[in-house]
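Under the heading compositional bias 'Basic and acidic residues', TrEMBL lists 1-30. What TrEMBL records for 1-32 is region 'Disordered'. Residues or ranges marked as substrate binding site in TrEMBL: Trp162, Glu172, Asp192, Lys194, 255-266. Marked as active site, nucleophile by TrEMBL: His264.
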Amino acid sequence: MAQPGEKRKREDDTNNGGTEDKDNAAREVENPLPGFRLSAVLRESARDKTIFLHGQVSGDDEAKEDAVVILERAPFQAESVSDLLGKNPPMTLQLKNDIYGVYHLSPPPELNEVKATVIRPATEKHIKKYLRQEVYLIQESGEDYKNITLPFIQAQSFSIQWVYNILEKKAEADRIVYENADPENGFVLLPDFKWNQKQVEDLYLIAICHKRGIKSLRDLTADHLPLLRNIMKEGKEAILKRFGLQGNQLRIYLHYQPSYYHLHVHFTALGHDAPGTTVERAHLLNDVIQNIEMDSRYYETRTLTYALREDEALLKSFKDAGKF
Ligand code: GTA
């Protein structure tokens, strides 16, 4: 259903697009996947209408470069669909039985959008991340975190350059929905990669804190309560103002483990089954705040449970330490 704020223009945005934005714009006009050759289908989901591909493209110096491409059929928008059906589009009959009919409808290109997320050059870690694999639960104690997980994160986590680009307004500056510029307790709220912003049903934003060095939930203490409360309160207000969704229609959570070790909070529409909302990964911000209010060292000390993929290097570290 269309929401009040959904179609609102972002006239209050400051468009101070940085170099990355310009670069991205230039790349969009060119083909981001020159000479794409499929190497493997990493994963597909008929339910989510998504396919994850690994391929090779020609890099700048003609050398081959690995790319991960995620193709995803865009969600329907009530308005344009009713518009389409109102115009008596040709529908090819597939099956008819009593009052039941199945037809094939070929919508015009503007209603047939496929979202393509491109990661290039993709590292081995990116390719593995999207590969369908067996997953196993890990019970990580506070000591395990210090002895196994932390050294692992320090040695080989994903680059967070894209986060710094956002905070420094070098990328996605025109997409910022709200900012609290305080360096200690401030954050930037903007649409997540995964949201095309065309309908609020699958709304997905992320709040990225300005302060550097807070890697994840594990680092949070009572010192971070003002930051977390700001994200909770101001994030909700900004989403209500811009997109018309109330705070009680939002799922606001952190991932543990996250993919990117710079503290960020996910805001998704409650009715949207976003990836990463399972009980072994998502930690509601409300609960996080309360737990830290009760015990400042809560996340430093308690055992946290999460899933790791079969060939994930962190799982190997747990195995090597005899903890799995
Ligand atoms: N605005 O440049 C960016 C950017 N990047 C690089 C990541 N994000 C970005 N947002 C903007 N600009 O929600 C977003 C991600 C994610 C958040 C990081 O930052 O979209 P996280 O650190 O907790 O890590 O959050 P998470 O959730 O694992 O990240 P990611 O990469 O989204 O992985 C999600 C899992 O969902 C993957 O394992 C993937 O297999 C699965 N998945 C299912 N559907 C999709 C899909 N359509 N797109 C991407 N991943 C999907």
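Indices start at 1 and increase along the chain as displayed.
Placed from the backbone N, Cα and C atoms, the Cβ positions cover glycine too.
Predicted, not measured: the structure shown is a model, and the values here were computed from it.
All features noted in TrEMBL, drawn onto the structure.
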residue : record                   : Cβ contacts under 8 Å, 6 or more apart
Trp162  : substrate binding site   : Ala171, Tyr260
Asp192  : substrate binding site   : Tyr204, Leu205, Ile206, His266
His255  : substrate binding site   : His266, Gly276, Arg281, Ala282, His283
Gln257  : substrate binding site   : Thr149, Ser216, Arg281, Tyr306, Leu314
Ser259  : substrate binding site   : Lys129, Phe158
Tyr261  : substrate binding site   : Ile153, Ser157, Phe158, Ile160, Lys215, Ser216
Leu263  : substrate binding site   : Ile208, Cys209, Lys211, Ile214, Lys215, Ser216, Asp219, Leu220, Leu254
His264  : active site, nucleophile : Val163, Ile206, Ala207, Ile208, Cys209, Leu254, Pro258
Val265  : substrate binding site   : Phe187, Ile206, Ala207, Leu228, Ile231, Gly235, Ile252, Tyr253, Leu254, Leu285
Subject >> Helix, strand or coil at His255 (substrate binding site) [DSSP, three-state] >> reply: strand
Original post:
Within the set Gln257, Tyr261, Leu263, which binding-site residues show a CB-to-ligand 1 distance under 6 A?
Top reply: none
Original post:
For Trp162 (substrate binding site), what is the secondary structure by DSSP, using just helix, strand and coil?
Top reply: helix
